[in-house]
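According to Swiss-Prot, the protein has these features:
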BINDING   Arg61, Tyr195, Lys201, Arg322  substrate binding site
BINDING   Lys201, His220, Gly236, Leu237, Ser238, Gly239, Thr240, Gly241, Lys242, Thr243, Thr244, Glu285, Arg322, Thr447  ATP binding site
BINDING   Lys201, His220, Asp257  Mn(2+) binding site
Amino acid sequence: MSEVGKRNPACPIDRIGLKTTGMVRYNFGAAALYEEAIRRGEARLTAHGALVAETGQHTGRSPKDKFVVRDAATEPEVWWDNNKAISPAQFETLFADFLAHAANKDLYVQDLVGGADAELKLPTRVITEFAWHSLFIRNLLIRPDKAELGQFVPEMTIIDLPSFRADPARHGSRTETVIAVDLTRQIVLIGGTSYAGEMKKSVFTMLNYILPQKGVMPMHCSANEGPAGDAAVFFGLSGTGKTTLSADPSRTLIGDDEHGWGPHGIFNFEGGCYAKTIKLSAEAEPEIFATTQRFGTVLENVVLDADGVPDFNDGRLTENTRCAYPLDFIPNASKTGRASHPKNIIMLTADAFGVMPPIARLTPAQAMYHFLSGYTAKVAGTEKGVTEPEATFSTCFGAPFMPRHPSEYGNLLRELIASHGADCWLVNTGWTGGAYGTGKRMPIKATRALLTAALDGSLKTGEFRTDANFGFEVPVAVPGVDSAILDPRSTWADKPAYDRQAARLVGMFAVNFEKFEPHVDATVMGAAPRMQEAAE
């Protein structure tokens, strides 16, 4: 086995049984990986120096093809209602077949770290078949320095082989695509997909399993910090404004997607960003756009014109076009990836029913309720002429990546909020003056003004009213914001229609929360929206 690159000589890849007749390249940097990816025909150079690759059939994650090993250790710990199981024997067969498949391949190895807190970090070795995947994960995770590489011992190992094809009869998979996670041995096998995001989310899944045992809250959120050291976290599902609202030139960006909240404060799990690029423009998001114009960034499924210039408006391959770049490509990004305990927790929703206020203050119990609910609303495809919004509930704002029961994460969050006195806010970036199709989108200027008032502490000193439907507190007046939008009912021309819509949404919350009722206490149940008042 031929091996090149900086590494710990006492820790080769054959320690997990992986041997190959090909070349193993350890910890190559961007320039060398560019050369490899282009030489092998995996990727192309853009006119501005970024690397662009296509993922073929899989242009997003394959959640239905993800499996967790059900063994004696994970049996009582994993939320099996939400995680598909494979047996240890099936995993062993799959693992052996992965090793056999890799036995004649050139491989790329990156020794990286998940978690910017030195006491809680997860040293992770990522072994890939593609050079561009190696650069992708090098951009996304935290890179040790040369001295640390010489001593590096991985705790987690990912083997990523897009050319592998799983056999459902032999491996217990659903299709030829498989993401198999052994939480006990901390091994992840990814086969039959070239979508690079699977690697990133595998590390997130592992940290989501490990950290709660240490009293640390893993969070699917963005985070930033003000000049006075006041940190804020932003929970939110796709399309709610998580990336946009946390990108604030007056605040330091800690990270855009995955964080932990531990004894020393919050910390980024990653060292990079994986941003959506569909319809990306220099005017709307200048910092993200600038990263796509430089050497080192990986573009995924982005179409190039004849001159090699990315066309971010072209979604012919997928609407889920992406760019992956190191965090230090963003001018106001944190150099440490760490911040103090958050002073403010923001839960974002895009309520297309037009019922929720633009901002509301939550008690710790209400925060747990809304965290477990993970509500937003999707707008139906206008091409079908359907204008009815569709409620979406993704518990913990990230159900696909949570191996444990949601109540574990919810209780942890509630305890941390209470012990550190964080203020919690629900921010609605959805519709006002009516539902989708009748009302209009909440003005971003108003959302930013409300957010600024929440983060600088001025909002909580003002006057609040209690919302009749949801029971949370809503500000009555905020400087620079039209007071009318603070009371959603007043913005509707048809008040009885608002009441019916509110009752309907409250009912959806209640039905969704039924599965959590056995796992929460009376205080959290008391924080639920009030069906009777809403229906009156």
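Using N, Cα and C of the backbone, Cβ positions are placed for all residues, glycine too.
If you draw a 10 Å sphere around the CB of Gly236 (ATP binding site), it holds 25 other CB atoms from the protein chains shown. Between Tyr195 (substrate binding site) and Thr244 (ATP binding site), the C-alpha separation comes to 24 Å. Within 8 Å of the Cβ centroid of the substrate site, not counting the listed residues Arg61, Tyr195, Lys201, Arg322, the chain contributes Gly60, Ala196, Gly197, Glu198, Lys200, Tyr274, Asn320.
Highlighted in sequence order, Lys200, Phe204, Glu258, Gly398, Phe401 have their Cβ within 8 Å of the centre of the Cβ atoms of Lys201, His220, Asp257, the residues recorded for Mn(2+), and are not part of that set.
Comparing CA positions across the binding-site residues Arg61, Thr240, Lys242, Arg322, the one lying closest to His220 (Mn(2+) binding site) turns out to be Lys242. According to DSSP, Ser238 (ATP binding site) is assigned to coil rather than to any helix or strand.
In terms of Cα spacing, the binding-site residues Arg61, Lys201, Asp257, Arg322 all stay beyond 10 Å of Thr244 (ATP binding site). DSSP gives Lys201 (substrate binding site) a helix state.
Close to Lys242 (ATP binding site), meaning Cα to Cα within 10 A, are the following binding-site residues out of Arg61, Lys201, Asp257, Arg322: Asp257. Long-range C-beta contacts of Thr240 (ATP binding site), restricted to its own chain and to partners at least six residues apart, with a cutoff below 8 Å, comprise Leu348, Thr349, Ala350, Thr376, Thr429. Under 8 Å, Cβ to Cβ, and six or more positions away along its own chain, Lys201 (substrate binding site) finds Arg61, Pro400, Phe401. Site extent for substrate: among the recorded binding residues Arg61, Tyr195, Lys201, Arg322, the largest C-alpha separation is 15 Å. The secondary structure of Asp257 (Mn(2+) binding site), as reduced to three states from DSSP, is coil rather than helix or strand. For Arg322 (substrate binding site), applying a Cβ distance below 8 Å and a minimum sequence separation of six or more within one chain yields Gly197, Tyr274, Ala275, Lys276, Thr277, Leu299, Glu300, Asn301, Val302.
According to its DSSP assignment, Thr244 (ATP binding site) is helical.
On the backbone, the CA of Gly236 (ATP binding site) and the CA of Asp257 (Mn(2+) binding site) stand 10 Å apart.
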